[in-house]
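Just below is one structure, and these are the notes that go with it.
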Amino acid sequence: MTAAAGSAGHAAVPLLLCALLVPGGAYVLDDSDGLGREFDGVGAVSGGGATSRLLVNYPEPYRSQILDYLFKPNFGASLHILKVEIGGDGQTTDGTEPSHMHYALDENFFRGYEWWLMKEAKKRNPNIILMGLPWSFPGWIGKGFNWPYVNLQLTAYYIMTWIVGAKHYHDLDIDYIGIWNERSFDINYIKVLRRMLNYQGLDRVKIIASDNLWEPISASMLLDSELLKVIDVIGAHYPGTHTVKDAKLTKKKLWSSEDFSTLNSDVGAGCLGRILNQNYVNGYMTATIAWNLVASYYEQLPYGRCGLMTAQEPWSGHYVVESPIWVSAHTTQFTQPGWYYLKTVGHLEKGGSYVALTDGLGNLTIIVETMSHKQSACIRPFLPYFNVSRQFATFVLKGSFSEIPELQVWYTKLGKPSERYLFKQLDSLWLLDSSSTFTLELQEDEIFTLTTLTVGSKGSYPLPPKSEPFPQIYEDDFDVDYPFFSEAPNFADQTGVFEYFTNIEDPGEHRFTLRQVLNQRPITWAADAYNTISIIGDYKWSNLTVRCDVYIETPEKGGVFIAGRVNKGGILIRSARGIFFWIFANGTYRVTGDLAGWVIYALGRVDVTAKKWYTLTLIIKGRLSSGMLNGKTVWKNIPVSFPKNGWAAIGTHSFEFAQFDNFHVEATR
């Protein structure tokens, strides 16, 4: 007797009541012996770094639609947790995010876009949990060392100001704060941070540590009772669904505080579907946080399209609601932080897993996944082979769930396009005459959610505009008097921080500019370049003309560049190749084939000094390139054979103040 049938290709998706005797595993879902661990939610990371960079430039209504798919309850991913980078001015994977304190006496709580993003998330879901975590720190924190623990009080003060600023300027309550992403922790610093938070009346802000591996933080907590007391959650990254004995012995909440990081294809969706269940089944992790929230960065940067959805074309408005959004919905739309897992969770006989959660008020949500090995391999760690095959799974509801009359059914099938379904609602399942028992026929690469809740929905908007390449002619004069965001559209800083700037002393043509504002190397998380650089455009550009007005602020030692065909960014920025046209305050110019300046095509003298505006022009066509200063040719037809294509860019010789204006690029692929 088939209770409900949705179609999957030409085959039915049967839900069978117990009246039909079928072989297979039997799984009891029961709360008679109490409940399991408290569920803390499903979330995603914005940052680590600059992963939401292009999102802010999207025109309406598309930007709001993207945000709805991510945060709006019972619409799309419906995330419970948003974790953001506390910008520290350093390169943190796909770019830099600005600090709220570039310098020791500087405070600005409107830089970057994480404040805005948190407010947009809260606007859609007032109950969303907010987390902050630093990847890099501004250089002054280290007092000459590439280390944030030189002065523990100073670093704790810096983090505390971010939390206080979030509340004072944006009315945002930060719920959790981390230590240092995937880097060393300092036991005394964690204690100092807790004391400082308490002193500031921030007792409610919980500490999560150490956003790296389970060890040595777990063992350290077992050996230090004060440390054990001040850490609320142990957060591990990419745990492969498993934890360690020491972590469990702490009796603290265990989270996969960064996971996924996989191309958002159906394989990435399968990865997410598997770990959302098995992080708890195997490792007792009660929250899973995906990196990253939305792939809103140039796709050729590291980890392209490793977000829950893709929004990397603000110039066209095009975005893609990828399958991980709907895999997330299977859990997020039918649970809430504060629900509890049942103790009766586990693996299916022929592969896959099941979890069940309750709000303690009679509601029940069951999530069953049968992700195959080939369909669910995450980017890391290595996934040992396992087999999943067709099976029947019989579930028996006992305890307070034995009287449930009806379950709503939601279904996903990943893989072949002809059989593919994403978050499809099937007919509900009636249990009144079934002795609270039902059987699922399961194929591989499926997800079922069965729930008493009727709130689920597959949200949708009209299709966004079609995909378009970056405009071949693009210009920006940076003439923005009161910018809503601190950074100019589409520029993606890869080392250094480039911000809108107002020249109070220059009422003329260059009153509003883009300025590189770091004068000191940050405490780095990745291999930042020794030069600052911001990229823009289409990675496929080959023939292009870049023109920009430039202003060197540092006498004698200062220098700036414009560039084309820049072929690397993110954590690989130090080794970027391209064609770079430099001028220096000492009256010299240089043409190099790399950002580091090792490959020199030409050099010589020019009439250049600091504190004066110049117009640089770089022309690249085929195998030849030329450069002009104030409209006069400085070098011409220099052979350049590599790379064949890449972004346009601007930047400085070192961590120094410099300004850019009237940027213009004209390109062909």
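Glycine residues also receive a Cβ, built from the backbone N, Cα and C atoms like all the rest.
Pulled from Swiss-Prot, these are the features on record:
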SIGNAL    1-26  signal peptide
BINDING   T93, W135, N181, R380  substrate binding site
ACT_SITE  E182  active site, proton donor/acceptor
ACT_SITE  E258  active site, nucleophile
DISULFID  C271-C378  disulfide bond
CARBOHYD  N363  N-linked glycosylation site
CARBOHYD  N387  N-linked glycosylation site
CARBOHYD  N543  N-linked glycosylation site
CARBOHYD  N586  N-linked glycosylation site
Listed active-site residues (E182, E258), ranked by Cβ neighbours within 10 Å, top entry: E258
Candidates E182, E258, N363, C378, N543, N586, namely the recorded positions, that fall within 10 Å of W135 (substrate binding site) by Cα distance: E182
Inter-residue Cα distance where the pair is E258 (active site, nucleophile) and N363 (N-linked glycosylation site), in Å: 29
Same-chain residues at least 6 apart in sequence whose Cβ lies under 8 Å from R380 (substrate binding site): Y238, S261
Tertiary neighbours of T93 (substrate binding site) (same chain, Cβ under 8 Å, six or more apart): G48, G49, A50, T51, P302, Y303, A526, G570, I571
N181 (substrate binding site) versus N387 (N-linked glycosylation site) - Cα distance in angstrom: 34
N181, N363, N387, N543 as recorded positions, winner by CB count within 10 A: N181
Pairwise Cα distance for N181 (substrate binding site)/N586 (N-linked glycosylation site) [Å, integer]: 40
Recorded positions compared (W135, C271, C378) - the one with the fewest other Cβ atoms within 10 Å: C378
For N586 (N-linked glycosylation site), the three-state class that DSSP assigns: coil
E258 (active site, nucleophile): secondary structure state under DSSP, collapsed to three categories: strand
N543 (N-linked glycosylation site) versus C271 (disulfide bond) - Cα distance in angstrom: 40
Other CB atoms within 10 A, centred on N586 (N-linked glycosylation site): 15
